[in-house]
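J.: The structure follows.
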Amino acid sequence: MPLNKDIKKVLVIGSGPIVIGQAAEFDYSGTQACEGVKEEGVEVVLINSNPATIMTDKEVADKVYLEPLTVEFVEKVIAKERPDSLLAGMGGQTGLNLAVELYDKGILKKCGVNVIGTSIESIKEGEDRELFRNVMSRINEPVIQSEIVTDIENGKAFANKIGYPVIVRPAYTLGGTGGGIAESEEELDEILALGLQVSSIGQVLLEKSVKGWKEIEYEVMRDSRGNCVTVCNMENIDPVGIHTGDSIVVAPSQTLSDKEYQMLRSASINIINSIGIKGGCNVQFALNPNSFEYAVIEINPRVSRSSALASKATGYPIAKVAAKIALGYTLDEIKNAVTQKTYACFEPSLDYVVVKIPKWPFDKFQGADRVLGTKMMATGEIMAIGSNFEAAFLKGIRSLEIGKYSLEHKKFREFSMEELKTRVISPDDERIFALAEMLRRDYRMDKVAEITGIDKFFIKKFRWIVEEEQRLILSKIDDLDKEWLYKLKKKGFSDKGIADMLNISPEDIYKLRNIWGINPVYKMVDTCGGEFEALSPYYYSTYDVYDEVEVSKNKKVIVIGSGPIRIGQGIEFDYASVHCVKALKKLGIETIIVNNNPETVSTDFDVSDKLYFEPLTEEDVLNIVEKEKPNGIILQFGGQTAIKLAKFLKEKNIPILGTTAGQIDMAEDREKFDELLEKLQISRPKGKGIWSVEDGLEETKKLGFPVLVRPSYVLGGQGMEITHDEKELVYYLSNAFQKNKKNPILIDKYLMGREIEVDAISDGEDVLIPGIMEHLERAGVHSGDSITMYPTQNVSKDIKEKILEYTKKLALGIGIKGMINIQFIEFEGNLYVIEVNPRASRTVPYISKVSKVPIVDIATRVMLGEKLNDLGYRVGVYKEPELISVKVPVFSTQKLPRVEVCLGPEMKSTGEVLGVGKTLEEALYKGFIGANMSIKKEKGTILATINDHDKEEFLPIAKKLHSIGYKFIATSKTAELLKEEGIEVKQVRKLKEESPNIIDTIKNDEVDLVINTPTKGNDSKRDGFHIRRAAIERNLGVITSLDTLKAIVNIKSKEIKDETLHIFDLSN
């Protein structure tokens, strides 16, 4: 069936901000889908609130609306654009839920919009737990014994009937939000209350636990004629009980017999035929390891995290094919873009092994509960490809950037066998290293398999790796012969991993490899196991005989990607990498990307001329450089991951385009940077590195409180704190020195001023600032967690001129060629520099979109020697637009048990949304709604607990809230303060006092919003921490910054209404 000619204009709903459970994979699938629809001559209208995406670029869709993803705003877009069709399955759970809501409210029918692809009825059968169970029962597909409940009493009754443990799965939620495994009635009470609250339809599935069964996934495509193909089957190494997003996954499955494989494949096809899927669908099974018994866990009737992985693992562009199916094509009419010979009805075959390992944020959150369960906690993932499981797995380990190049983790040497058992029975992010230590101590393999639920096949593979590691530890370099080294390299061991165990340098192994001619070759991912010639140059390394890479003599540049999504280094850097590649291609330069993230646009097969899916380590990057011999390598767009390679590449005499390793060091080394500032006569807050608590107290006497204290050599504000008095300072310093005595602690005078930020481009002579950004929260809140406003609202002309002057001095002083990011503080009329990053920053996509300056394109051309004055955007500060745009951070702290919520110098947000308006209030209103902050709630009850430093500032805000009609609940001191000002307040007992106390008011739903300004940010033993956590876990708004609160109150008093707001197409 060819293209449906009735489809002229399609609305695509994006997935919104990056949160745990919904990350960059939807930028990748959304971009692919939009391009797939556009190339058929159909107009694409996009709504998505996330400015950090390629998907929201004006080249991807015909009309781009960066607006909140709510029914009200989508309806506005529909009314303005009049699309005839809606493509619902490309925006993750957010897009799906919105499509169902638009349908149920009759908006689609009223506006004459047809849902193309999978129908709303089919989506409901896949998403609504009860409807899904009914379909499974009708087609005789087994499901786990379960009950749908809408209240706690019925839930408890069912659990008592089937026995504990039980699994709680809320309907229409993301990444297992609100779910969990309840081992007792007390745990069930808590999980069920939350699950019912977060489910958009107040419905939860309770099911008997099959914890320990194998978890198997099938990625299936189906067209409107009922043709089906299974694109990929994947096996979770971790058993059922750990969310698939937190599991290590291998493709194709390694331990299924042919009978099991065919049985589950037939079941997958049976299920998607019965539900009537048109497009892609992910089916998850639980398989009893001791029999042929299986049960269907759930399906995702849309593209998903797993479909992004399946796409990258096979080279089959699932999202693009799904979009074509939605337009009316059948699988036998859609050409395979990789081979250009076969069609989408050919099932991919793999002659290699793919491993996905999640990337968790626990380096940022030391106090977090790391135990993995049914609720996803990973922020991102890496993918590795090898010719055998061991090679793919070890590549995966070193891709995680956790400093591990083998399965040895020194801290587990100190653990007793009982402690190790605990770490694998209640598995956390480090369970593989604990398991390896057990095998190192000769713990029986069958016992390890029994207590972990991991198949003996994988345990054997881990055992082989551990045995080789032990042999290396007991050997010297002279024992390493050519055959042994070749065998180790073939199985994925890195030079550094081998060298560490032999106690020599990686350079020694590198030299030996070169003497013996042991170098990697590169194989192609071609979707067809080499059966047809592939046109997509998409490669992985292996130690083999035949090399499939054709090296050209063209002018070429390698772009280093940014690796897995994590807090502090998100999708913004992938955006920058992709735009760099596009700029190079326009200039006729061959582009090569090296990256290892399966979720991103940069690793799509047709973005660059060549893609190497490899770890971003020194050895793996050097192998590619030696193979390709590029004219240069670009590190500026890959975040800290890429920048870290600068020194090594310089030592190897590899030409780095743009800013050099020495210049990077000048910006990042505190002493060199201070010398430069002194020479340029630029101020920074006074400060010093100290080595003891006594030194710290002495230094603070000179500086005066408050001071900002932080460890040296950290990223993303890790471990920073603002202290206001001696007691707080002593507490922080003694803890910090206990953790690390090797490096100094930096103490700076904390200036409570206005924070201002610029991304600038320098060509070595001139500087262009596309836009000066102002932070809403005063300095002290990490720039990634601040609300950012552009154009600035409170910055004088004089200060702007000084910003340009300082930016030019710094860029030329360091010698920047390309991008530079500078953060300033304006305090009492003076301007201070607080940080300089000699690379692209996380604000690049935001400022590119709202200033309309193609920053990455210009920076790339400047790196290649062009001059700013010749590129048409002039120099200096670019002209400001009329519209105001705010970037509002989005947090995933609800997903991470025992993690601090309050804003501070350490970054915690996972994503961002954009709010665009004619006034600041309009822009902020949209930003808050897009970030799901409770801005719309009409009058309610506020629980206020205010730190002594903030009480004076809080009073006028409280009066305003009171005058709007809010009621207050507070503990004794805050309550007294409010009463003195004539504000009615209900006093509650403190946490340590008897019930009913402050936590009970939160648990009993007596509160709508919590305002809590913290005392000691990082101390999880304090009341404030428990208050904030209790509120977040109940889906309540928590505000810890008075600046944010002021902005909200200001908007509330203006009484902005959705219906009066304009929407803006940013593609013009």
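Positions of Cβ are set from backbone N, Cα and C atoms, glycine also.
Feature list, courtesy of Swiss-Prot:
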BINDING   R129, R169, G175, G176, K208, V210, E215, G241, I242, H243, Q284, E298  ATP 1 binding site
BINDING   Q284, E298  Mg(2+) 1 binding site
BINDING   Q284, E298  Mn(2+) 1 binding site
BINDING   E298, N300  Mg(2+) 2 binding site
BINDING   E298, N300  Mn(2+) 2 binding site
BINDING   R710, K749, L751, E755, G780, V781, H782, S783, Q823, E835  ATP 2 binding site
BINDING   Q823, E835  Mg(2+) 3 binding site
BINDING   Q823, E835  Mn(2+) 3 binding site
BINDING   E835, N837  Mn(2+) 4 binding site
BINDING   E835, N837  Mg(2+) 4 binding site
DOMAIN    133-327  domain 'ATP-grasp 1'
DOMAIN    674-864  domain 'ATP-grasp 2'
DOMAIN    933-1068  domain 'MGS-like'
REGION    402-549  region 'Oligomerization domain'
REGION    550-932  region 'Carbamoyl phosphate synthetic domain'
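Can you tell me where each of these features sits in the structure?
T.: For E298 (Mg(2+) 1 binding site), other Cβ atoms within 10 Å of its Cβ number 16. DSSP assigns E298 (Mg(2+) 1 binding site) to a strand segment in the three-state reduction.
In the three-state DSSP classification, Q284 (ATP 1 binding site) falls within a strand. Around Q284 (ATP 1 binding site), the C-beta neighbours below 8 angstroms that are at least 6 residues distant in the chain are E215, I216, E217, T244, V296, I297, E298, I299.
L751 (ATP 2 binding site) has a Cβ environment of 22 other Cβ atoms inside 10 Å.
For E835 (Mg(2+) 3 binding site), the same-chain residues that are 6 or more apart in sequence and have a Cβ closer than 8 Å to its Cβ are I822, Q823. According to its DSSP assignment, E835 (Mg(2+) 3 binding site) is in a strand.
Across the residues of the domain 'ATP-grasp 1' (133-327), the predicted structure has a mean pLDDT of 92.
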J.: Select the closest residue to N300 (Mg(2+) 2 binding site) from the following binding-site residues, measuring between CA atoms: R129, K208, I242, H782.
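T.: Going through R129, K208, I242, H782 one by one, the closest to N300 (Mg(2+) 2 binding site) is R129.
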J.: Measuring Cα to Cα, how far is H782 (ATP 2 binding site) from N837 (Mn(2+) 4 binding site) in Å?
T.: 14
J.: State the three-class DSSP label for R129 (ATP 1 binding site), counting H, G and I as helix, E and B as strand, and everything else as coil.
T.: helix
J.: Taking the residues the record says bind ATP 2 (R710, K749, L751, E755, G780, V781, H782, S783, Q823, E835), how far apart in Å are the two Cα atoms that sit farthest from each other?
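T.: In whole numbers, the farthest two Cα atoms are 18 Å apart.
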J.: Taking Cα atoms as reference points, which of the binding-site residues R129, K208, I242, L751 is nearest to N837 (Mn(2+) 4 binding site)?
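T.: Closest candidate to N837 (Mn(2+) 4 binding site), judged by Cα separation, is L751.
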J.: What are the DSSP helix/strand/coil residue counts across the region 'Oligomerization domain' (402-549)?
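T.: Going by DSSP assignments, the region 'Oligomerization domain' (402-549) contains 81 helix, 10 strand, 57 coil.
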J.: Using the alpha carbons only, what distance in Å do you get between L751 (ATP 2 binding site) and R129 (ATP 1 binding site) once rounded?
T.: 53
J.: Take the C-alpha atoms of I242 (ATP 1 binding site) and R710 (ATP 2 binding site) and report the distance between them in angstrom, rounded.
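T.: So the alpha carbons of I242 (ATP 1 binding site) and R710 (ATP 2 binding site) sit roughly 35 Å from each other.
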J.: Can you grab the distance from R129 (ATP 1 binding site) over to G780 (ATP 2 binding site)? Cα atoms, rounded to a whole Å.
T.: 45
